[in-house]
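The block underneath contains the structure these notes are about, expressed in structure tokens.
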Amino acid sequence: MPMVIHSTSASWGTALKPITNSSSDTITPNPNLITTSRGSSTRPSYITTLTAKKMEQLLPMVINTWNMSEANEMAWRILQQSEGGVRQTRNAVVEGVTRCEELQCFHSVGYGGSPDERGETTLDAMVMDGGLMDVGAVGGLRNIKEAIRVARFVLEHTSHTLLVGQSATDFAVSMGFRTSSLVTPWSHDEWEKWKAKNCQPNCWLNVNPDPKLSCGPYVPKATPLTRWKEDRARNEYEIGENNHDTIGMIAIDVENQIHTGTSTNGMTHKIPGRVGDSPIVGAGSYADNEVGAAVATGDGDVMMRFLPSLLAVEAMRNGKSPQEAAELGIKRIAKYYKDFIGAVIAVNRLGQYAAACYGIPEFPYMISNPTHTVSVQTVKCLPYVHVEPLPKS
């Protein structure tokens, strides 16, 4: 198996310096400025003057989706290997998420969960470097358990962003990873029970025979397509910790170096070949050292259409608070998909964070920083958004 803790190097890019002021406890305004692509600077309206003592309470930090505490604990432990977590953020997200893959968190991460229509489990994962704006990702990875480690190898050993399917497996094998079945007795039993229920629910639309009554095989209907939302509601699928979900993690050191990581085994009973939002840049996660980062979780087929993580980071770039940014990422989706279920966590480069969710009562997430060690926090979800039906064409 390949080495999993890599030595760090200056090639990760020049990190922003810690915000300090030797003459006073009060932070000077300049570090709070965010430089735009044209070189002008604006101070986000939500950032008040922070004291040096307050800054020490925010960074370094690790935050991740859902109540996946052992992943958070592992990442936090790795950040502690250097003062202020410096140069450990990549190791932290990769090994923190790997811990969840090993534990098969809620059967929604790692091997042995979310069987597709053929009973096979496949994995999606991503790592993003917010300094170099570099990404490595895999989608539909077969027969390799360490999905996020393979994504790291894509980042560090190729010029590509995303490798998929059996070819991603072939790449992993060439890099020294070992193959093994991702099917377990539990996942096989779940698949058998699904088939015994006439393959309900499934992901087929506008086909014959009726996918609500049959396992197929299917052929396209000869009639004009109906609007997808009129044909089937998203809430037929129970989305949450146990299905159709992701661990998304953000790590920031005291020099404001940011990495994000994601991993999932995707949607249960998906059509083979389906890739969700987790390995898609701007959907599953996004990071920019100059601004902050965001991760998303939930109904990936819908979420990737809106790039909520990118949307949240760009909102913070334009002066929104982490809370406003996270809510914007959610509300943009709910405007069009009232049955959507999902959540977004947003963190600015100073370590201030917030979460927003929709379609479920509440959303738990994990945080570790100098004042909260492996602490679970919960946010109440946004209320139902009434959407007027679109006029029929």
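Even glycines carry a Cβ here, placed using N, Cα and C.
Per Swiss-Prot, the residue from CYS215, CYS381 that shares a disulphide bond with CYS357 is CYS381.
According to Swiss-Prot, the cysteine that forms a disulfide bond with CYS199, out of CYS203, CYS215, is CYS215. Separating the Cα atoms of ARG274 (substrate binding site) and THR246 (active site, nucleophile) is a whole-number distance of 15 Å. Taking the Cβ of CYS357 (disulfide bond) as centre and 10 Å as the limit, one finds 26 other Cβ atoms among all the protein chains shown.
Among the recorded positions CYS100, CYS105, VAL275, THR297, the residue whose Cα lies closest in space to that of THR246 (active site, nucleophile) is THR297. Cα of ASP299 (substrate binding site) to Cα of CYS357 (disulfide bond): a span of 12 Å. Those residues noted as binding substrate (ARG274, VAL275, GLY276, ASP277, THR297, GLY298, ASP299, GLY300) have their most widely separated CA atoms at a distance of 16 Å. If you take the Cα of GLY276 (substrate binding site) and the Cα of CYS199 (disulfide bond), they are about 20 angstrom apart, rounded to a whole number.
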